[in-house]
Amino acid sequence: MAGAIIENMSTKKLVIVGVILLLFQAFSFMVGGLIAPSPTTAVHYLATKCVDTVKTHHKDSKWFMPWGPDQCSKIRDFDEATAKRIEANNIVFAVHIPLPNREMSPWFQFMLVILQFDIAFKMQNQIEDGSLVTMDVGLAYRDSTLSEWTEMAHSTEHRKLSCNFTATMTYENEGRYYECDLLPFMEVGSVAHKYYLLNIRLPVNERKKVNIGIGEIKDIRLVSIHQNGGFTKVWFAMKTFLTPSVLIIMIWYWRRITQMTRPPVLLEKIIFALGISMTFINIPVEWFSVGFNWTWMLLFGDIRQGIFYAMLLSFWIIFCGEHLMDQTERNHFSVYWKQVGPIVFGSFCLFIFDMCERGVQLKNPFYSIWASDVGTELAMAFIIVAGICACLYFLFLCFMVFQVFRNISGKRSSLPAMTKARRLHYEGLIFRFKFLMLVTLACAAMTVIFFIISQVNEGHWHWGGYTVQVNSAFFTGIYGMWNLYVFALMFLYAPSHKRYGDEQSSADQAGNSGEDIQLTTTITHVDGPTEIYKMTGKEAQE
């Protein structure tokens, strides 16, 4: 009977395949750690205070440049503005991205801007509890230093201040600065232009209580974060290489499945679905973002990752369940609805949450779900619940793996009654299956580690004369691990052309038939279930 390749491959060949996969895994880590630069770069900006007089306010050109030949009329601080009787409504904070003599590039992929206020303490102008800063913000772009600015977005935004004054609130400490939290300001999903200009106004209206009780704002600082162009090129190269690799093995795998006289079993179907989701996330459509202004690429990337994560988590549950030796018919997707249902629901909640954030940012890049109290509470609740669910899922997966190992150990009692050849064969099956289960568990653990590392600040290690970019290594290493894992599954679980037992004598075959009865039910097809399916008593009764 034909089984899976993992059941008929010799130990020597299996070791060779494992070593080759490990070498590719090490190479994927080295690509990120030694070749690629750090994934992102953060650039700090201090906003320039421009004066919008009544005369210039009504001109067609309403954009204020902090430097250059057409720079605005500037003031050093608000004391100078008071001395010149310049009202707060006529002050515009201007920031040019990037710094002078530099250009932005489509290879940067995205631009995230974080804002921080420098607020001085004054006894007569303290920050009130729950105070909101109202900002009239505008974003413009151009691709030449000689061309005019084109408006990209304009909005009135509100940000809640969260500041702490560590010293004693006395007249002696006036002039000291509050310690204020960073505030989300802007996110653009495509960097299609060379130059960007931000103009920020802080309108004051005492009657409507606009920007009242926010302290004495001295400066506005911005931090612009974008993906490194060098990392983008390495990432695109990996996608371009891995896409045909996984696609070819997926086509080869399904071709072998369809050549069988029996219909595919659930495990074979879910492995194929996992290969499709991996191919979907691999397709390097990001190449087009270099030439086109596709601001929806971040959202599209999140959707692709969400589909793959949902399929990966569902596969692990079904993979373990299909190898539980409890004499339960499990070769139907409906059996796993209780386990897979919450995964699908959680993924749908992730999609809704992402649409509320990045979906809105397609129209208004200044929008942030963290800007309001309700949005912040919902976001924090979602993160906490997601973390708890991830931990519970991992514990449940470990419990299922433990059950599989325990049931396999129980089946070992049937091995002594077998002939030596068949006993060695089944012992090899058990060993290889346990090894694959441990690899699955290791991949799950690495996924959790990858999620934690990606939330931590970037760092690098010095190793001899080399600098290892830790974050880049984890990005490329984990991405390579997902691809190698899916590749190995489709290769090892593809039907084998070998037919175990053909070389044995008819007497031995007759003796083995009795042994098979101890571990399996009736075979109804010529190309019956795999050996592992025979041992677990889960044949496809379709």
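The backbone N, Cα and C atoms fix where each Cβ goes, glycine too.
Curation does not apply to TrEMBL; its annotations are automatic.
The domain 'Wntless GOLD' annotation in TrEMBL covers 48-227. Mean pLDDT of the predicted structure over the domain 'Wntless GOLD' (48-227): 88.
The annotation domain 'Wntless-like transmembrane' is assigned in TrEMBL to 228-497.
TrEMBL lists 234-254 (among others) with the feature transmembrane segment. Beyond its flanks by at least six residues, the transmembrane segment (234-254) meets 28, 31-32, 35-36, 271-272, 275-276, 278-279, 282-284, 286-287, 472, 475-476, 479-480, 483, 486-487, 490-491, 493-494 of its own chain at Cβ-Cβ distances under 8 Å.
Sequence annotations record features per position, and here TrEMBL assigns transmembrane segment to 266-285 (among others).
Long-range contacts of the transmembrane segment (305-324) within the same chain, counting only residues at least 6 positions beyond its ends with a Cβ under 8 Å from a Cβ of the stretch, are 266-267, 270-271, 273-274, 277-278, 280-281, 330-331, 333, 335-336, 339-340, 343-344, 346-347, 350-351, 354, 393, 397, 400-401, 403-404, 407, 433, 437, 440, 444, 447, 482, 532, 536, 538. For 305-324 (among others), the entry in TrEMBL reads transmembrane segment.
According to TrEMBL, the transmembrane segment annotation covers 336-353 (among others).
Cβ atoms under 8 Å from those of the transmembrane segment (378-408) belong to residues 313, 316-317, 320-321, 323-326, 342-343, 346, 349-350, 353, 369-370, 430, 433-434, 437, 440-441, 444-445, 448, 451 of the same chain, restricted to positions at least 6 beyond its ends. For 378-408 (among others), the entry in TrEMBL reads transmembrane segment.
What TrEMBL lists as transmembrane segment is 429-453 (among others).
Sequence annotations record features per position, and here TrEMBL assigns transmembrane segment to 473-494 (among others). Beyond the ends of the transmembrane segment (473-494), by six or more residues, the same chain brings 4-6, 9, 17, 21, 24-25, 27-33, 36, 39, 231, 234-235, 238, 242, 245-246, 249-250, 252-253, 256-257, 267-268, 271-272, 274-275, 278, 282, 308, 312, 436, 439-440, 443, 446-447, 449-450, 453-454, 530 to within a C-beta distance below 8 angstroms of the stretch.
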